[in-house]
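Student: Quick one: this structure, given as structure tokens, is what I'll be asking you about.
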2 protein chains.
Amino acid sequence: MVAQVIDGKAFAAKVRAQVADQVAKLKEENGITPGLAVVLVGEDPASQVYVRSKGKMTVEVGMNSYEHKLDADTSEADLLALIEKLNNDPAVHGILVQLPLPKHLNEDLVINSIDPAKDVDGFHISNVGLLGTGQKSMVPCTPLGCLMMLRDHHGSLSGMDAVVIGRSNIVGKPMAQLLLGDSCTVTIAHSRTKDLPDVVRRADIVVAAVGRPEMVPGDWIKEGATVIDVGINRIERDGKTKLVGDVDYASAAERAGAITPVPGGVGPMTIACLLANTLTACCRSNGLPEPEGLTA
Amino acid sequence: MVAQVIDGKAFAAKVRAQVADQVAKLKEENGITPGLAVVLVGEDPASQVYVRSKGKMTVEVGMNSYEHKLDADTSEADLLALIEKLNNDPAVHGILVQLPLPKHLNEDLVINSIDPAKDVDGFHISNVGLLGTGQKSMVPCTPLGCLMMLRDHHGSLSGMDAVVIGRSNIVGKPMAQLLLGDSCTVTIAHSRTKDLPDVVRRADIVVAAVGRPEMVPGDWIKEGATVIDVGINRIERDGKTKLVGDVDYASAAERAGAITPVPGGVGPMTIACLLANTLTACCRSNGLPEPEGLTA
């Protein structure tokens, strides 16, 4: 079997187009423009790239983008005051604080000071709790993107055996909750798992979210399984820098039924889902129906 | 193999004795008496029995018990006002609202109005979110009791294959989080699971929390596995009423390494863990170290 490639770049473009359509409708029919505020503290180069990219795409789908760039030595009190202002600003429907924060700032405290209804990253403990009890919540962007691709490929996921490798709060754990919500039988595997190859071999769906380059070889993949590779690892090979996933793509693609490449798989979906979440937050805060196909 | 019986009744008595010891110490050294407030709305006979039993055991371990019995037609506003009062009462360290509530009251709203630090049932979405991100939280009593028994029996659970049957918010999902926190490889199975016998057969630890009498037969159990039976089902057999678990005890005990009986297994641990949680809440609110061996 040669796997179907799940084109995350094309899928993300489609999601952004859906968001843009609904934003246009919101403006026309309700006179509302969704707004996303992104807060960047310090000058981490990778974070600056992400924030620029988020701002650009926010504007492209017709939303307002508000960027707040603060000095690396900003005090916690000043950061919390800004968040409080954004919480109370009716033009702001989504708030994202770019992580990691400088060491002197308490990330948990900062994230949990965001109004949960505007927490478009889905990291506030109230949103984790709502997701963990099967209630409506803001869902973390990366696992939401994975779920959208899986639903698009399979239709119903009910009864499928899903294995999530990795138990991070940002990807692994919320991914498991989402798959459980779609009635998969879900296994969470991790560094302490005894026989990882065997665990992965029984999966109809494999989500790899570990951050170790090519750690999942093709012969761990069940014939015909769907492989979602969340890893984005920078390695040196043949004297060149290269991006690879947590899955060994070449060998896995020979056995999988479908697979996401790296780059161009899960990666582009994350920002698309951030925009989808901002739209969702805007609809909810205005008592309008949720945007179809863009939520968990 | 004939399974070792995990005696929940004896274990619960031990937990209550530990709680009583620490309560005595708290009184003597700090002049603090932990207090648990239980709120019962209406006259559901089963709930009345539970509340009476909780009150009795609370007093037995040396804590203060505050019972609030409200009419079945109590308004939501009145109930919320009582909870607000208890939230602000420094003598009250734990608050439990007995479920189910009469239909006209919104359970989610009521539970989420409890101060999370006093939410000894662990049902507040903030506590679900804290548990779901591996932070300190109030943990639901029944899965906490199961975890204590498993730790007592095995020492470390790291790397064990655990299967939780059932995905309720009260048992299945928090149980999975706790087992994951102790580094088990965790699978959550449920009514949509395709081949439940096979899923259960690979488990070193089986937690059955479905509420279907004797649905897990012995031949699903791996030789030597530990079986925790959360089910308490009332059935008629040979003209008599009998309590049975979700596991067919007789056949499972022939294969398991250890098993909890019904009654006398998980059941008695629930109230013991409620008392443990109340003690934990009291220690935390007073800035004292957590009681050892009584938390997740």
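Backbone N, Cα and C atoms are what each Cβ position is placed from, and that goes for glycine too.
Here's the feature list from TrEMBL:
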- B:Gly166, B:Arg167, B:Ser168, B:Ile232: NADP(+) binding site (BINDING)
- B:6-121: domain 'Tetrahydrofolate dehydrogenase/cyclohydrolase catalytic' (DOMAIN)
- B:140-284: domain 'Tetrahydrofolate dehydrogenase/cyclohydrolase NAD(P)-binding' (DOMAIN)
Student: Which chain-mates of B:Ser168 (NADP(+) binding site) that are at least 6 residues away have a CB under 8 A from its CB, listed by sequence?
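Tutor: Within the chain, B:Ser168 (NADP(+) binding site) has Cβ neighbours under 8 Å at B:Ala209.
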Student: Only counting partners 6 or more residues apart, tell me which same-chain residues put their Cβ under 8 Å from the Cβ of B:Arg167 (NADP(+) binding site).
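Tutor: Spatial neighbours, sequence-distant, of B:Arg167 (NADP(+) binding site): B:Lys173, B:Ile188, B:His190.
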Student: Quick one: of B:Gly166, B:Arg167, B:Ser168, B:Ile232, which binding-site residues have a CB closer than 8 A to some CB in chain A?
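Tutor: So the ones by chain A are B:Arg167.
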Student: As a test of reading the model: what is the averaged pLDDT for the domain 'Tetrahydrofolate dehydrogenase/cyclohydrolase NAD(P)-binding' (B:140-284)?
Tutor: 98
Student: Please find, for B:Gly166, B:Arg167, B:Ser168, B:Ile232 as listed binding NADP(+), the greatest distance between any two Cα atoms, in Å.
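Tutor: The widest Cα-Cα gap among those binding residues is 16 Å.
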Student: Minimum Cβ neighbour count within 10 Å among the binding-site residues B:Gly166, B:Ile232: which residue?
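Tutor: Across B:Gly166, B:Ile232, these binding-site residues, the one with fewest Cβ atoms within 10 Å is B:Ile232.
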